[in-house]
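Copied from TrEMBL, the annotated features are:
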REGION    58-143  region 'Disordered'
COMPBIAS  75-142  compositional bias 'Low complexity'
DOMAIN    202-946  domain 'Myosin motor'
BINDING   GLY290, ALA291, SER292, GLY293, SER294, GLY295, LYS296, THR297  ATP binding site
REGION    550-579  region 'Disordered'
REGION    813-835  region 'Actin-binding'
REGION    981-1000  region 'Disordered'
COMPBIAS  988-999  compositional bias 'Pro residues'
Amino acid sequence: MATLGLSKVFILDKYFTELQKFWETEKKLQDACGTSEAAQLEQRLRSLGCELVTLRSRLPPTLHHPRPTTPPTPATTTTTTNNNNNNNAATTSANSFHTTNNNNSAATTTASSSNTSATTTTITTTTTTTTTTTATNNNKNAQNHNIGPLLPPNFPVGNGTSAPPDARLAPNTALSDALNTSQSFLADGSGVKGGMTGGVQEVEDLIHLAGPLTEDAVLKTLHARFCSNHYFTNVGPILLSVNQYHEVGNALTLTSTRAAAQSPHLLRVVHEAVRQQSETGYPQAIILSGASGSGKTYTSMLLLRQLFDVAGGGPETDAFKHLAAAFTVLRSLGSAKTRSNSESSRIGHFIEVQVTDGALYRTKIHCYFLDQTRVVRPLPDEKNYHIFYQMLAGLTQEERGKLHLEGHSVRTLRYLSEGDVRQDETEDARRFEAWKTCLGVLGIPFLDVVRVLAAVLLLGNVTFIEGQGLEVDIQGGSHELKSVSALLGVSSASLYRGLTTRTHNVRGQLVKSMCDANMSNMTRDALAKALYCRTVATIVRRANSLKRLGSTSGTLSSDSNESVHHQAEVASQHASTVGTAGSKASKSMSVLNNAVKHATDGFIGILDMFGFEDPKPSHLEHLCINLCAETMQHFYNTHIFKSSIESCREEGITCEVEVDYVDNVPCIDLISSLRTGLLSMLDVEGSVRGTPESYIQKVKIQHKGNMRLFEPKTNHIRSFGIHHFANRVIYDASDFLDTNRDIISDDLVCVFHKQSCNFGFATHLFGSELKALFSQDPVPRGVSFRISPTSHTDLQNGDEPVSTLTQDFHTRLDNLLRTLVHAKPHFIRCLRSNCSEKPALFDRATVIKQIRALQVLETVNLMAGGYPHRMRFKTFNMRYRLLVPFKKLRRVEDKTVDDCKLILEYFVRSLEDINKSSTVAIQWALGKRHIFLSEGARQQLEMLRIEMRQRAATLLQAVWRGWHFRRRWPTLKRNLELRARSRTVRPRPQPIAGTPPPDVMDRCDQKTIQQTCSLFGLDLERPPPVPPSRSYTISGNHKMGYPQTRLMKRNFPEEGGSEMVLLKGESVVVVGASPRRGHLLVEHQGHSFHVPFQYMELKPSVQPGVNI
C-alpha cells in the first residue's frame, strides 16, 4: 500500500467499501421475500455496480490486471500464520515454517474439507524393484504445489453437475499418451539424458541415481559433472552449485560477470520465482548458502543479471546501470582477502527486487556489515578491504598530494602493513578507475569519499605514547595528526582533545579526565572504524535513494526506510479486519485479500549472507558470522526436513523412508539463547565491567555439560571451542568485550559539529548523533554512541549506548528471518571444489565435508523416497481436475475429497501404459487435510497437466483459426482472383501508322552543348576533375584531422600477391586522403598504400571509465 499515492489509497479503500456493500446487497437479494423488495435490491445492485466500475477505472492498471491465481489466504488462516511464527527467528518452530510456506495451500482450505477424511489412505504404484524415484526438476520448492509452469491460458471449465453413481470409468487415452510421450524427460528440461547408460555425469538430478544411495555415489556424480564442465546439479527443486574457480581474479560485480555464460539451471530458478510471484503475489526468496569461498556472490550476480533479463529489461536499462554501479562501489568497500578466499564478502547482502506483473519495479539493497575490526587490525596473512589497496594504486600524484599520501605505500601504513602486503598494482588501478566512475554514476562526490578513506589510513600512523605529564604524546611528532585533521576539516587541537580526553557524569556532575596511551589508541581505532562503517552506510543509503521519476521499470530504490514486504504485511493485516462471518464473508475475504495482494505485490529476494569460516584466530565477528551460517542451515532443515516429517506425523501418514538429519538447534541455543547464550552472557559481562577471563570462566560453568562446547588443547585461558554444523572452531575471547561495546564517546563526536568542522561530508556521517547530542546542553556530557550506525538514536542515562554489536546483529538477523518465513524459498547450496582456489581441481576430501555439513545425502533421500510435497484437497482438485472428464466431477465443496480420489483413479489408469524399463516410483497418501505426494507422483501429474493444457490450447487455436479463415475466405478468394488477372501479360501497343520517327537533332542540339561547355569551362574530351579532398574526417560530432591511427578490418591486399601486406588487426597511420576516390593514403613500415576506407576502422581512444 505504501507504493501507492494517497489518492490511490483512498480510491482503493472506497472500492473495498463499495464491494462489501455489493456483496451484502446480493445476499439480501437471495433472501428477499417480496417482488417489490427484490426490485429495489436489484436497482441497488445496479447502482453499486456502476460505482464499482467507475472506481475500478480510476485505479492504476497494476491493481486490476487479471491474473490466473488461486484465492488468497482467508483472514482466519492469515491470523493463524502470524500467531504460529515464533518471535525468536533463530529458533523458529517447524510448525510456523510449515504453516507459512504453504500459504497457497492454506488459502484454499475450508473447514469441511479439513474434517472430511478422518482416516488415512495410501496408494503406492511402482513399476520396478528399485527404490529410486523418477522425478522432474522444475526448480520449485517442495512445499508449494498449486502453482504450475507458465503455460497457455487455462482451459475453460464450467461448474457442471455431479457424475451419476452408476457412471463407468472410461479409459483415459489422452493421459496415457501424454505420459508415454514425456516419460523420459522432465518438465523443465532437466533429467537423465538418454537414460542411465550415458554415465553418471549425465545425471542432472541426484534423485535419479541408480543403485544404492551413498555418499560415494553422490560424490562420483558431482565429480563426473565437474570434469565435464557441468557445475550445477539438482536435488529435486534444490540446486547444487560447485565453484570451479575459473575466474579467481573476478571482482564479482554485475559488470565483471557480464561475459559469464548463462546457466539454464539458474535461469529456471529465476523463471520459477518470477512466475510464482506474478501469479500469486507472494514474496519469493532465492537463498544461497555454503562455506566461505563457495561462489555465493558470483552466483548471486548471475541470478541478478538473469532476473533483469527476464523482468527488468536487460542490462541496457538505467535501473541495471545504477545497480551495477552500486555493486561495483560496494564490492571494493566490502570485500577483502582472507586465508580461504581472495574475494571474500565481508558484507552480507539481501537484494530485494519488487516485481509487478512480471516487470521489475524497484530494488533495494540491505547490507549486514560485521567485520569492523579488519579496518584497524587485519589478521596475519590476510588483507584489509580492497578499496585501500586500489586507492593507493590508482591515485594520481596530484590526488596523492591533496590527500597527504605522498611517500606512503602499503608497507608504511600501519593499518595495511600488519596483514599481507602483496599487491597487483595494475589490477588494483584498473578497479579503482571503475570504482571512481561508478561513484559518479551514483552521484556521490569522489573527493569526499577518498578524503575519509585517506584519513582512516593516516589515523593508523598516529600512535600515542605516555608523556612526561598528564597528557599523552604522539610518537614521531604530530605531522600525521595534522594531516588527518586537515582531511576531516577540523583543527588538530580539537581532534587531539577528542582522542585523548573523556567526559564522565559522576552523580550529576561532569568530570573531564585525560586518557592514557592505551585508551587513546583504542579511541583512535574506534574513530577509524566509525568513519569507514558510516561511509559505507551512507553510500548504501544513497544507492537505495536513486529513483527515476515517471519510470515504470524503476531503479534502485525505495524512498522509504521500510521494506516492500513490511508494507505488504501491514496491508494484509488491514484487509483481514474487514470481513464478516459466514460463507459469503469467507468469499468476500478471499476476493478482498486477492485485491490487496495485487495492490501490494511481493518481492523477489536474493540472499547472499556470510558463509561458514574458520579463521585463526577467530574473533567476535567470526562468531556472529558463523551464527548467521548456523541460522541459515536451521532454516533449511526446518523447511525441508522438519516440516515434512511433522506434517506426516500429524496426519497419520507412515513414510517408509526415515530421514535422519542433524538438527543444529543446540548450537544456536548455545550461542544466542535469551538468558544463557554466549552473546547474552557477553552483554551481561560488559555491563558489569568484566574481563575476558571472568567471561570464559562463567561460560564454562554455565555450559559445563553442553556437548557443543569444548575446551581447546592449547589451555589458553581466553579461548573456547564450539562444534558448528560444518566444523570445530576455536575462538579467542581477548577482544570480545571491547568489540561488543562498539562505542565512540561524545567528546569525539562533537568535534565534527558544523561549528567546528568545515567538511560537510564528515558532519553528515555523524548527523543523527550530533542532532541528539546538541538537542540539550551541556555538550559533551559523558554519553556514548555506537561505532556502526543503527536505527537507534536514543541515549541511555549512563555512558553506554542503547545496544551492543551482538544485540544489533541478532535483531537484524531476526528481522531477516521473519522476512524469509513469509516468503517462498528457493534454495541454492554452494560447494567449494578445493581449498586452494585452483581452477579445474576437484578435491574429494573438501567436497565430502561440505556434502555432510549441508546434509545433501539426507536431502536426496527425502526427495527420492519420502513425501516432500503436500497439498490441500481443494488445491489439488483445482489444479488437476482437468485430467478427468468434465462430467465425472462432482464440483461441490462437500465432495472435494471424492473428486481428488477420482482424479487419482484416472491417474492410476494412465500409469498402466508406462514403459516397464522405467525406474519410476510413484506414491501418494491421503491425510486428514492434505494429500501427500512423492516427487515422482508430482512430476507425473505436472507433466500430464502440461500436456493436457497444451492440447487444449492447440485445439482452441485450431478451431478459432479454422473459423477465422473460413470467414475471411470469400474476401481472400476474390483478392486472389484479381491478383491472378492482373498478372496477365498485355501486348505492347504498336505505333500509329504514318507517324515519322523522332529526329535526333531535336533532342540533342550540338550547338547548345558546345555553348554550355564554353560558358562553364568544360571539355567534352575529358571528364571534370575530382574535387580536392578535405583535410579531416568526421567521427560522430567531432572533426578528426590527419594523421590518424586506424585498425585494419581485413587483410590488404586480399590476394596477398604484394610483398607488403597489411594484416587484419594491425594499427596503421592514415596520413591523408588518397587521390583515388574512396581510398585513404596509409603509411606503414616505410611503405605507402592506397587503402579503401571500408578496410579500416577508427581505433577507439582509451577513455577513463567503465562499460556499465
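Even glycines carry a Cβ here, placed using N, Cα and C.
A TrEMBL annotation is a machine prediction, not a hand-curated record.
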For the region 'Actin-binding' (813-835), would you mind checking the mean pLDDT of the predicted model?
94
Additional residues around ATP, ordered along the sequence, whose Cβ is within 8 Å of the centroid of GLY290, ALA291, SER292, GLY293, SER294, GLY295, LYS296, THR297:
ASN243, ASN341, GLY611, CYS830, ARG832
Other CB atoms, at most 10 A from the CB of GLY293 (ATP binding site):
25
Residues in the region 'Actin-binding' (813-835) grouped by DSSP into helix, strand and remaining coil:
9 helix, 9 strand, 5 coil
Mind giving me a neighbour count for GLY290 (ATP binding site)? Other Cβ atoms within 10 Å of its Cβ, every protein chain shown.
26
Hey, what's the Cβ neighbour count for SER292 (ATP binding site) at 10 Å?
21
Show which residues of the chain containing THR297 (ATP binding site), separated from it by at least 6 in sequence, have their CB under 8 Å from its CB.
LEU252, GLU343, SER345, ASP608
Validating a neighbour-count step here. Other CB atoms within 10 A of the CB of GLY295 (ATP binding site): how many?
25
